[in-house]
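Below is one structure, written out as structure tokens, with a few remarks after it.
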Amino acid sequence: MLSKRLYIETFGCQMNVSDSERIVTMLADLGYRPTSTPSDADMILLNTCSVRGGAEEKVYRRLANLRVFKKRNKHLLVGVGGCVAQQEGEELLKRLPWLDLVFGTHNLHLLPEMVAAAEGGERRCETDFIDNDQRLDLFPVTKTTSRLSSFVTVMQGCNNFCSYCIVPYVRGREISRRSDDIVNEIRVLTNAGVREVVLLGQNVNSYGLNTPNEPGFAELIGKIAEIQDLHRIRFSTSHPKDMSDELINCFREIPKLCGQIQLPAQSGSNRILQAMNRGYTRETYLEKIRKLKAARPGIAITGDMIVGFPGETEEDFEQTLSLLEEVRYIDLFSFVYSARPGTAAAEMADEVEREEKQRRLERLQHLQKNITMEIQSEYLGSVQSVLVEGEGKRSGQISGKADNGRTVNFAGDKKLIGSFVEVRITNVFQNSLLGEIA
Ligand code: SAH
Ligand code: SF4
Ligand code: F3S
């Protein structure tokens, strides 16, 4: 079979990264090999994200840039998938007469036949949501991998409808995958050399809540931990309201569960949390943080925060700043609020002015930078167990992650890739640690 080349650009969250991996695997069966440049591609796909404002325009701009390749090679196929594709649908094909295909977030499985149709000159758009009972068999399955760490999707979609968020609209309702399928997939992965899995979902910790015959998330982690050749388990992202005591207890009882958690608060003000429809208060959030720290001393906590939600006053914002000090996140993803079409918050009055939002973001990020450096400094002199995943940025260095999720670079032989190495930390930076073999 003559080999063709696929260039795929991925935006947004890990769910999209994982979907893109699946697309690459599926299209390999049609003879497409991945390439890292659009210029020599036979097919270009954009896997898009629409979580924040300007996402649609960004996709249209990127497509306009990519059109030169289409002009140069009339056999080139160009397609758009992911969350902007889900949101815009047919509109994309209408606005761009040269675009070949559009596929939504529930339609990845149709891609092979869509590509075959596109090769025959047909322009298809598939963005229908699929019913949950049929979706169970359509979960992305990672068959082989050359990596040590792999994503494994355990649930998809979201039922929470936080008032600012477009994800429930573009990803559809929550669905939990069968636990047997998950465990079997991880067995296959560990046989292929995987030593760490990152369990993925829009709200992983609501896994199993709507499937009475399946275990809950804590029990699922217990089952996964029994897989012998698997050494590390991480998960992302969790919703604070579904952070059960059973799950917190896993950090106490399951050593394979790494000491790291992403638990987005979004705001430190109860008034704003309520307007966001988050389903918890500052106090209940902090209580869960306290329990997590007790269950796994030194646990590295990361979070997401939004500034400038409609009606957010200076006082509300101060509450967010003080939450940072109380939780002491090792890292924080912070965003300026942007109104998304169709969401409840988009209808709310009292939009915060743009300059003010920006000013708040900068204050927040400045504070976080200091906290991050303070926590990183606490690792100085400590010995971390690092799963070496590849070469470091500097020559002679190798690199991997500590149990807490931080990247550690150190001088060492490439032969150590794939093994666990005890590393003493000698220097710390904002995003990584430097060390030497202990
Ligand atoms: N399911 C995850 C979040 C997915 S979206 C969770 O609930 O934690 C990733 C992050 O984008 C969110 O945590 C939020 O901080 C941010 N975000 C979502 N919608 C946004 C909006 N309209 N404006 C700004 N930031 C937003
Ligand atoms: Fe969006 Fe909220 Fe669902 Fe997260 S929990 S994906 S922020 S609606
Ligand atoms: Fe973006 Fe879709 Fe993920 S909107 S954040 S790619 S679920």
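Backbone N, Cα and C atoms are what each Cβ position is placed from, and that goes for glycine too.
Summarised as a single figure, the pLDDT of the domain 'MTTase N-terminal' (4-120) averages 94. TrEMBL lists 4-120 with the feature domain 'MTTase N-terminal'.
DSSP assigns Cys49 ([4Fe-4S] cluster 1 binding site) to coil, not to a helix or a strand. For Cys13, Cys49, Cys83, the entry in TrEMBL reads [4Fe-4S] cluster 1 binding site.
Annotation comment: TrEMBL describes Cys158, Cys162, Cys165 as [4Fe-4S] cluster 2 binding site. The Cβ of Cys165 ([4Fe-4S] cluster 2 binding site) has 21 neighbouring Cβ atoms from other residues within 10 Å, across all protein chains displayed.
The coiled coil feature in TrEMBL is assigned to 345-374. Residues 163-164, 275-276, 305, 307-312, 317, 320-321, 324-325, 328-332, 334-337, 339, 428, 430 of the same chain, all 6+ positions outside the coiled coil (345-374), place their C-beta atoms under 8 angstroms from a C-beta of that stretch.
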**Asked** Do you know which of the binding-site residues Cys49, Cys83, Cys165 end up with C-beta under 6 Å from ligand 1?
**Response** Cys165
**Asked** In the same chain, outside Cys158, Cys162, Cys165, whose C-beta lies within 8 angstroms of the Cβ mean position for the [4Fe-4S] cluster 2 site?
**Response** Asn160, Phe161, Tyr164, Ile166, Val167, Pro168, Gln202
**Fill in**
Of Cys13, Cys83, Cys158, Cys162, Cys165, the binding-site residues whose C-beta sits under 6 angstroms from any atom of ligand 3 are Cys13, Cys83
**Message:** Using a 10 Å radius around each Cβ and all protein chains in view, which of these binding-site residues has the most neighbours: Cys49, Cys83, Cys158?
**Reply:** Cys83
